[in-house]
Each structure stands twice: as C-alpha cells, then as structure tokens.
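Structure first, commentary second.
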Amino acid sequence: MERRRSSVKSIKGDFKRGNWASKTEFLLSCMGYAIGIGNVWRFPYLCYRNGGGAFLVPYLIMLFLCGIPLFFMETSLGQFSGTGCITLFKIAPLFKGAGFAIVIVNFMCTVYYIVIIAYPILFMANCFQGKLPWADCNNDWNTEHCLQISTGDLTANVTSELFNITQNSQWKTPSDEYFHNKILQISSGIDEVGSIVWPLFLCDFIAWTVVYLCIMNGVHSVGKVVYFTATFPFVILFVLLIRGVTLPGAWDGISFYIYPQWSRLGNLKVWTDAAVQIFFSLGPGWGGIINMASYNEFRNNSKGDAILVPILNSATSIFAGFVVFSILGFMAHKTGLPVSTVATGGPGLAFVTYPEAITMLPWSNFWAVMFFFMLFLLGLDTCFVQIEAIISSVIDEYPFLHNHKKVVTLGACVAMFLCSTIFITNGGMYLLQLFDWYAASISVILICLVEVLIVAYTYGSVNFIRDIEFMLQKKVNWWWKWCWKFITPAILTFIFIATIAFNTTVTYNGFIYPDWAVAIGWCTCGVSIICIPIYMGYHLLYNETGDCIDRIQSSIKPSPEWGPASDIYRKEWNNIIVYDKAEELRRTLPENGDHLHEEFVKLCNNSNTLG
C-alpha cells in the first residue's frame, strides 16, 4: 500500500524559522506563560478551600506525575520537530485535527483573556487621584446597598453576606460597586448585551497595541520583552509580601492559608482540584509550550527545562498565597470579619476583595498601582505565547506566509481585537464568564490526551525516547516511559471525567445563566473538539488509499516529512533509524535466509529510509 503524499509543502528548507537568542529567553518565556493571573487569584483560594497545607500533598503529587511529564513531552516534541502545533502532527497525520483544535481554542480564549488584562489598565488609570475611587460609597455609581466596611461597624447579618460574588447579597462593598457599576457598567444579565463601554474599549485597544508591538517580530521581539515582563512581577510580589507580613493580622491570614486539614485528603474533589490546577496552570495542550520549544537549539537540554519551569510555577503559586492571605488577614483584622469570609478566588479576589484591602493600607494608591501593574504583566506574557502559537502554527502550515509574518500578525491581532469588543459591552462580563467556563475546559484536556496517546502508542514510547536521546545526547530514565504510557494518560482521563462530573451550572454575581446561554457555552467547547473527528474523516477519505484498515494503519504512522527540521540532524537521525531497523532485521535472519539478508544489506545502504 502506497501512501499519497501531502499537498502541503514541507517547511524544511523553505525558510529559517529562527531561534531564541539565548536559553534565558526561552526559560523566561516559559515562566511568563506558565505563571499567570491564575497563580494569584486561583491557587491560594484552592489551597485554603481544600485543606490548607494538606492540599500541597496531592498538588505536588500531580505536579510530578502529570505536570512535569507533560511539560517534558511537549518541549521535546516542539524542539525535536522545530514546528508549530499543526505541522507537529506529521508524527501521526490522522490526528492533525487536534492541531487545528489548538489554534481555535487559543483564538477564542485569547479574545476574552486580553479583556481581563484591560481591566487593570483602567484600574491603574484611576489610581492617580487624591484617594482611590473605590475607597468609599460617596460616588455617583454607588447604590443604597453600598456599605463601607473599613470602619469595622458591621452587624452579624451583614457579615454573613459580604464578599460572596457568586450569590445574591443585600450589601455591596465600595470596591464591588466600583468594579461592576463603574468599570464594567454591567447589565442585568447575558440577554442584555447593551452597548460598548468606551473606557474599556480604549484600554482593550491599548492592550492589543502593546501585544502587537511586542510580538510583531516573533521570538526576536518577545525574547527581549520577557526580560522585563516575566521578572518584574516577582519583584512586585516580593514587595507586596514584605508589606503584607508587617501588617497587623497578617499571620492570622497566613496560618488560615496553610493550616493543614489532613482529613480533607480523603475527598476526591480535593485531588481533582489539584490535578486540574496543575494541568491548567502549566498550560499543556494549548500549543504554547510546543511552539516556544520549537525555537530552541536542537541540542538544548529540554529535560532540565521541563523540570525547572513547572517547579518554579508551583513555587510561585505557593508564594503568591502568602502575599494574598497576609493582606486578607490584615483586612480581617481591620474590619472584624473572619478570614474565611473575606477569602475568595477568581475575578472577585483580583478586582473586588484585594482592592478593598488595599484601601486600608497606608499609601494605598501606590500599592494599588503596583498590584494592578503586576496583574497586567502576568496576563501579558500569557497572551504573547498564545498569539504567537496561533501565528507560528498557521505560517508553518502555509509557508508562503512566512515573508509576510508582520502582516499576518497584524491581521490576527486586528481580527481578535474586533472579536473582543463583544466582551467590553455592558453584558460582556457574562459572556466572558461563559467562554471561560466552557471554551477550553474539556477540549484542552482531550487535546493533551491525544498527544500522550500518540507519543505512547501510535508513534511509540520507545521511538520517542530514541528521538529524545538522539536530541539530548544522553540516556532517558525509564521513569518517563512509564509516565507517558500509563501514569499520565490515566491522570488525564481522570481529569477529563472529573471535569465533566464536577461541572456545575455557570453563574456570575448571582445571575444564573439561561439554558440557551449554556448551550452556546457547550458549542464554544464543541467547535474545537469537532475538528479532530472531521479531519480524521477527511484524511482517511482523501489522503490515503486501500481498504479501511490499511488507511487507518497508514495514517497513524509518521509522514515522510516527520523528523528534525535541520537537514544535518535529519540525516543523522535517519541513519540511526536505519541502523536500528537493520539490527532488528539481523536478529530475525534464519541461518540461510539469503532473501532477508539481501533486504538487510539494502536497508543498511539506504540512509534516507524512514520505513
């Protein structure tokens, strides 16, 4: 059976994609990508909610059994092939639809994610006044439900209702009303989209302009920008920690954050949260890791990088928890509220609770600017990688676009900016929450599971380890093979099932989404997933010959274009493959198997045979 050659021209030899100027640029880009807003507004709350210090047990177990193996797998795939996340699937052409799914997921999520980093811009712009605008209830956007809690004069029934952004509450803090009534100018529900909020429109435009200027030259410009954007948030976090731990009540908050509740380890939901947090925090399955690694030097030590970055990411999450809960402890001390009442996660922590706590600090304007600038930088790095993953994947798939990369980048940014305007309307936050809830939650896990199954079974873990050893020029421990074949796929399957099983109805600020909105949410998830079976059908029908079994068997084998992008390394790699096949054939030769011996000699002399 003879396979049809793909009509898409191989990128090898057509152009030079370029490389990072140094290993530091790659590591900083990975750090900026993995360490995002979720490290600040999600992990600390998950840790406190799931047993405090005890939560670190399942969290670290999932890090070493799932997070690091996935990170090593994706960095190795990208670095070995030197291609983006569509052309990567030359390793198993039948699953190329997963590459298109990655691009669609990144497009949808970047469109709304950059709106989230537009919020800090507007917050910062309003921090240069005599007092912070959310410091009290004496503003035209405040309602009769506004209650200034910094006085500490609270009744028991008020205390029980404050700081719950997911349910109806009689009372609202000044920061809550500032965010929803002033910043968002929010409508009553998703069915009331309203008009564009023009201050947010301007901030969204600024955010997209900054992103384009930083990525318009690809890794050459991103690699320089991340020296600042990936490191300065650590400086701000450290400064905020020093300030936080010196405040009265700070250690009450910290002890509340890390106090271990060992009994919680028997709860399946705790292990699910740990696995999901590791998975979405590191970002496998999004194509960003693969794309960044594709610009590495071929002999770069991807294993060391894959261990360092996830550990640093997890350490940053834990560190951010001390920063957040030291301030929340001070807030509880100042108001008389228990820490459990003020502790929350998600946008409510970043744009409601933490700003409220900042108003109680001396020099509150300074600390507010520092905090929101940190959020902006954390989100910016993630956007860099997601957009670059889209652009590089498309250009690698259609090489004629390479000489027009700046135009392609500008076109992509303009298109996503126009799409993002729906999220800066009066009803935009409801739409943003809907997309965030559904668009990537299941599809990214499925994409990652497809990648692992390809590496472990269709391509083969033995072949993959052979490629890594050739690339790194050193042996790979048996542990990685066991992870990719058994442990990591099992955990990913667990995450996939648990994500569906524990999925709850989407809500925002007390608003329960109607059925039609939930249906749209599932559609945002399905539009990427459906790429996988659709492309399978297309490929089997048009790109293969023979009966059904022959077509499937052929389509899960690597295409002739698979291998190192460099001609020099490809030739060396081909020789290793030929030698391995020749050795395997020699072991099967009977004593008088002349016809097999002739095939063996022919195979040894053909250095370009991929088999």
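Counting starts with 1 at the first residue shown.
Cβ coordinates are placed from backbone N, Cα and C, and glycine is handled just like the others.
Note that the structure is a prediction, hence the values are computed from the model and not measured.
According to TrEMBL, the protein has these features:
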BINDING   Gly32, Ala34, Asn39, Ser281, Asn313, Leu378, Asp381  Na(+) binding site
DISULFID  Cys137-Cys146  disulfide bond
TRANSMEM  20-41  transmembrane segment
TRANSMEM  53-73  transmembrane segment
TRANSMEM  94-122  transmembrane segment
TRANSMEM  196-215  transmembrane segment
TRANSMEM  227-251  transmembrane segment
TRANSMEM  271-295  transmembrane segment
TRANSMEM  307-332  transmembrane segment
TRANSMEM  366-395  transmembrane segment
TRANSMEM  407-431  transmembrane segment
TRANSMEM  437-462  transmembrane segment
TRANSMEM  482-504  transmembrane segment
TRANSMEM  516-536  transmembrane segment
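On the structure: features taken from TrEMBL.
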{"residue": "Gly32", "record": "Na(+) binding site", "CB count, 10 Å": "26"}
{"residue": "Ala34", "record": "Na(+) binding site", "CB count, 10 Å": "28"}
{"residue": "Asn39", "record": "Na(+) binding site", "CB count, 10 Å": "24"}
{"residue": "Cys137", "record": "disulfide bond", "CB count, 10 Å": "18"}
{"residue": "Cys146", "record": "disulfide bond", "CB count, 10 Å": "19"}
{"residue": "Ser281", "record": "Na(+) binding site", "CB count, 10 Å": "22"}
{"residue": "Asn313", "record": "Na(+) binding site", "CB count, 10 Å": "24"}
{"residue": "Leu378", "record": "Na(+) binding site", "CB count, 10 Å": "27"}
{"residue": "Asp381", "record": "Na(+) binding site", "CB count, 10 Å": "25"}
How long is the line from the C-alpha of Ala34 (Na(+) binding site) to the C-alpha of Cys146 (disulfide bond), rounded to the nearest angstrom?
37
Is the transmembrane segment (271-295) in contact with the transmembrane segment (482-504), using at least 3 Cβ pairs under 8 Å (sequence separation of 6 or more) as the test?
yes
Taking 271-295, 307-332, 516-536 as candidates, which has the most Cβ pairs under 8 Å with the transmembrane segment (366-395)?
271-295
Do any residues of this chain, six or more beyond the ends of the transmembrane segment (20-41), have a C-beta under 8 angstroms from a C-beta of it, and if so which?
116-117, 219-220, 222-224, 226-227, 229-231, 233, 277, 280-283, 288-289, 292-293, 295-297, 300, 305, 308-310, 312-313, 316-317, 320, 323-324, 345-347, 349-350, 374-375, 378-382, 384-385
So which of 94-122, 196-215, 227-251 is most in touch with the transmembrane segment (516-536), counting Cβ pairs under 8 Å?
94-122
With the transmembrane segment (307-332) as the reference, find which of 196-215, 227-251, 271-295, 407-431 contributes the most Cβ pairs under 8 Å.
227-251
Can you tell me which parts of the same chain pack against the transmembrane segment (437-462), counting only residues 6+ beyond its ends and a CB-CB cutoff under 8 A?
70, 73-74, 77, 89, 91-92, 95, 98, 101-102, 105, 108-109, 112, 279-280, 284-286, 481, 484-485, 488-489, 492-493, 495-496, 499-500, 503, 506, 521-522, 524-525, 528-529, 532, 556-558
Around the Na(+) site formed by Gly32, Ala34, Asn39, Ser281, Asn313, Leu378, Asp381, list the extra residues of the same chain whose Cβ is within 8 Å of the site's Cβ centroid.
Met31, Tyr33, Ile35, Gly36, Gly38, Thr316, Thr382
Roughly how many angstrom lie between the C-alpha atoms of Gly32 (Na(+) binding site) and Cys137 (disulfide bond)?
37
Report, in whole Å, the straight Cα-to-Cα distance of Cys146 (disulfide bond) from Asn39 (Na(+) binding site).
30
Near the transmembrane segment (227-251), which residues from the same chain, at least 6 beyond its ends, have a CB less than 8 A from one of its CBs?
24-25, 28-29, 31-32, 35, 214, 316, 319-320, 322-323, 326-327, 329-334, 361, 367, 370-371, 373-374, 377-378, 380-381, 384
